[in-house]
């Protein structure tokens, strides 16, 4: 073991503190704005004539209290209807346990974070509520961290044995899966892992399909719905600039109507050219067979054939192909916003050429963490370490020492976001699989639609030109890395 005192001899300069700001990349010293809109693709709002919206977690943002209600109700369904052990009642929802975008291996009861290259991020694999040691994870997958594409995902994030949780509503489901698995493992109860997953999935589905969640929200909208005044401001501003608006949601009309009246006012439908409910996305975008049905305000369906979509009317089901035929709204003049990358955005972006905007509520919290001095310091330290590790041409004690300092720093950065799984956007080095899909399926992304209020209706978004790996970085050159690392080592020795 080489002492820090011996290493001190390799670094004979002690740079002053003013080297630290020089090492931070341009823009990091200036705090990021949580209310900004970020671009994956160049898009001019001046070219957009029609704005479309999902409802849940797009027009309507919900408080985290809803997750506890979903968890508790689904847990009780497991006990009372599926005859699961009564001891499960001691488990409560754990806010902040899971993050969106995780993958779940149904046959292994393993919840894990996977990066853009299909590798499990070590330290982020859980069976139940306990982490699985890295060596066990590697052994589970035949001596590798890599998960082949055919196992991981079809077009909508569902493989033969692995499911990706992309819905914000899936946070209670992941926590319930982990809690039930924890109970069985703790009590040494044998169970069928596939049955467990299916039962929990069905229990969660019951909460939504049977309308329980809708009743909770309708009963106390002040408690569950956030930022309603901002939703009104966005929609009203777009209409005042002669933009056409439409709504396509899987939620029933009575629920949407009450929520929109709460947020926007009793005449909310006057803002929209079209309102489509119970659309059955993502099938709405691919299945040509379901026709539009006109619906009255009491929920009764009409039997007449739909030959045009009229302003102020309510429509149920339907399909995108009829929608395009009846409206003529095609291509890049349409911008649609949704929170689910697969169900809301993927088909529209890849198959139909609409512009898409992803609503990512977690973005606000993550940016506030990125803006902290602790995170900036940790990131700079990691950049300095990795830069010097690349320069060392021998695998000696110095290399080992530097490497030993790198992993604790990575873990610190991860834990700032979430102690179990870290950031939804990044593994240690790479983007997450969630980030990969976010970049592929959305032109722009933001924390909420209220971010549109910060931009002119003709604003053009340009993606930032970040250096590719073969391009010379414009910040943190090797000399600065060495100076910063020298200061760090002298400081700690």
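Cβ atoms are placed via backbone N, Cα and C, with glycine included.
Remember, TrEMBL labels are computer predictions, not curated facts.
Note: residue 339 (Mg(2+) binding site) has non-local neighbours 54, 56, 57, 58, 167, 168, 358, 359, 360, 361, i.e. same-chain residues 6+ apart with C-beta under 8 A of its own C-beta. Per TrEMBL, Mg(2+) binding site is recorded for 54, 339.
The Cβ of residue 54 (Mg(2+) binding site) has 24 neighbouring Cβ atoms from other residues within 10 Å, across all protein chains displayed. Residues annotated as active site, proton donor in TrEMBL: 54 (among others).
Annotation source TrEMBL lists GMP binding site at 56. When Cβ atoms from all protein chains are considered, those within 10 Å of residue 56 (GMP binding site) total 23, not counting its own.
Per TrEMBL, active site, proton donor is recorded for 56 (among others).
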